[in-house]
Amino acid sequence: MTTKPKLCYFRGRGRMESIRWLLAAAGVEFEEEFIETTEQYEKLQKDGRLLFGQVPMVEIDGMVLTQTRAILSYLAAKYDLYGKDLKETVRINMYADGTLDLMLMTAQAAFKPPEEKEENLTLIVKKAKTRYFPAFEKILNGHGEDFLVGNKFSWADIQLLEAILMVEELDASVLSDFPLLKAFKARISNIPTIKKFLQPGSPRKPPPDSHYVEVVRGILQF
């Protein structure tokens, strides 16, 4: 029997959420261990399980992996979501990095002081509308295909949908000027594994609230 991947992180989105999305999209069931105390986090560090002293951490295929980008790249390659050749892979990396920039801005905004948080969230929506979403609309328009790279479902598609849904939580009308992205969202959301992940009760985590922020601050002591 194959051992399920085990994910170790806080009980929220953060840097682990894209990993959850990728596994779910690949149809892979996984287990989660949530870090809920400083002592638990310090034990992981003392045991040498966190190479650079940071989470997320994923146990898979007999390995203990850290560093979000490395984990995502490995999973994308393992589950055939990384293109057919180096040229497709580099485009997938490029598009995934672009959406990751946008999502990290959103995740980090939750930890800002209230006055800065509102400014940050407004800026995120603005950047999505003026920098990131126009770029992806142009990509889709340029090749006229259903997916971002090679007309095949890939990590880039998964992460773009995740980014779209995150920004829509801030502004529900953010795709109003992007018809191809709107169609892309509907198309990718209806892929069976994605559709399942978007249902209530899935491992998908809610947006960070004040309780989550307080818990993480307490664990990391900052």
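Note: Cβ is positioned from N, Cα and C throughout, glycine not excepted.
According to TrEMBL, the features are:
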- 3-83: domain 'GST N-terminal' (DOMAIN)
- 85-209: domain 'GST C-terminal' (DOMAIN)
Checklist entry - If you average the pLDDT over the domain 'GST C-terminal' (85-209), what number do you get? => result 93
Checklist entry - What are the helix, strand and coil residue counts for the domain 'GST N-terminal' (3-83) according to DSSP? => result 32 helix, 16 strand, 33 coil
Next on the checklist: From the DSSP assignment alone, can you count helix, strand and coil residues within the domain 'GST C-terminal' (85-209)?
Outcome noted: 85 helix, 0 strand, 40 coil
